[in-house]
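Features as listed in TrEMBL:
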| type | residues | note |
| --- | --- | --- |
| BINDING | 136, 137, 138, 139, 140, 141, 142 | ATP binding site |
| DOMAIN | 43-96 | domain 'Mur ligase N-terminal catalytic' |
| DOMAIN | 134-338 | domain 'Mur ligase central' |
| DOMAIN | 360-493 | domain 'Mur ligase C-terminal' |
| MOD_RES | 245 | N6-carboxylysine |
């Protein structure tokens, strides 16, 4: 599968002054640093912030990063065909010293301007589409897929860009991050427009907002699911994390919003949002314009069902297309967001009930197990999400609940022992393994988890540490489980790799689980 950075909409070469018309103050110099008095002869046919994603005639935007300046990669961009460098004064000085050999546009905030230039180059595609976005700690991917399904009321095949994958019509691209960099997002929107699809959903992370990846897009409606413990390694505290999320609910980014007020952060966002918002309560009794009642699993249809009560007091029955009470919040936000676009609520519910399985989100690998344990793959990777997921899964389980889990390296370490404590409380059998250690020692990460487990389960009964590989952990857990048991594999969802020392090795919990069920479990029956 191609990467999302491979999206290539049609584009007309644009002169640099026109491309820069909306960026504010800037200057242009030649490769030696001499002022270029007439840049009209310079044209660009694309823009990127990555030297690995650069073609002939493109502008390369060199951004100051957290650990290094992007101008370090300017030579590689030039070799790939870049004809213009866009950067700040520090980047320009380095480029001249390093003899990069490209004319340079110098401006104050190259990251912010990358979005503006890309939007101009591709003809402001967001203004010609119906657009939706969702943010929140947990549930973004599921909610975005359900929003896409809801748009099916009007559009046969809306586009989607997010964690799991990017889709434009029948084209599918691998996503390398939740929200792509701004030039890629603008290409995604331009290609959506070019294909005549009419609508797009963008899953929007806090980092995307902090790093201005969705700038120069005003979404028709945006949704908020929740705010929970995550990314504190970057934001430092929950307040800074909240401020990043809140920025989606400003006139710069949206026209209206839907806010789930199940937690205190949602309640605060509903008060502080700078655009009109509609509130929904799904898992709490908080007062809201829309609220959920009578949530329960319906084993006869294999779905969780609930009643969504509208502002007039009318109830609308919903049979979710995905498992677990944890997803009631996501489904309710998606429905109400679509209603804010003017769609009939019952038509939206009917469209959402037909939605496809969200890859790696409470995904049942063998929905009707015969002489096998039920196996589920889910992305739950925060303490709150893991607790919700395990409790929802326990309701579906007649026997024991097994969990295969780990946690990421080079990420918020403060949540590790909480994750382990929750797993030890809510699951019967624990299999501790690796997720993406990145540059950390995998054993050190597992030790964090084992300490958390010990605090809840001092005798460590039914706890196994798998030191070999995640594939072994999945296999051993499934083979150890009995018919009637459930094995839930958490933390990665449908993610396609494991990251060791910065190298991404192909791996996916979903096909690995299928392989074990088909070959190993069948051979034991």
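Even glycines carry a Cβ here, placed using N, Cα and C.
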- What same-chain residues, at least 6 away in sequence, bring their CB to under 8 Å of the CB of residue 138 (ATP binding site)? 225, 226, 228, 326, 380, 382, 384, 385, 388
- In the predicted model, what is the mean pLDDT computed over the domain 'Mur ligase central' (134-338)? 95
- Between the residue listed as 'N6-carboxylysine' and residue 136 (ATP binding site), find the distance joining the two CA atoms and give it rounded to the nearest Å. 7
- Task: Could you check what DSSP calls residue 136 (ATP binding site) once collapsed to helix, strand or coil?
- Result: coil
- Close in space but at least six residues away in sequence, with Cβ under 8 Å from that of residue 139 (ATP binding site), the same-chain residues are 225, 226, 326, 327, 329, 330, 333
- For the ATP site built from 136, 137, 138, 139, 140, 141, 142, further residues of that chain with CB within 8 A of the site's CB center: 134, 143, 225, 226, 330, 385
- Message: Counting across all protein chains present, how many other Cβ atoms fall within 10 Å of the Cβ of residue 141 (ATP binding site)?
- Response: 25
- Could you list the residues of the same chain, at least six apart in sequence, whose Cβ is under 8 A from the Cβ of residue 140 (ATP binding site)? 134, 162, 163, 178, 203, 204, 205, 225
- Output, ordered by sequence, the same-chain residues six or more apart from residue 137 (ATP binding site) with a CB under 8 Å from its CB, or 'none'. 225, 226, 227, 228, 229, 230, 231, 382, 384, 385
- What are the helix, strand and coil residue counts for the domain 'Mur ligase C-terminal' (360-493) according to DSSP? 53 helix, 25 strand, 56 coil
- Task: Tell me the Cβ contacts of residue 142 (ATP binding site) under 8 Å, same chain only and six or more apart in sequence, or just say none.
- Result: 322, 327, 330, 331, 358, 361
- Message: Restricting to the chain of residue 136 (ATP binding site) and a gap of 6 or more, list residues whose Cβ falls under 8 Å of its Cβ, or answer none.
- Response: 143, 223, 224, 225, 226, 227, 245, 260
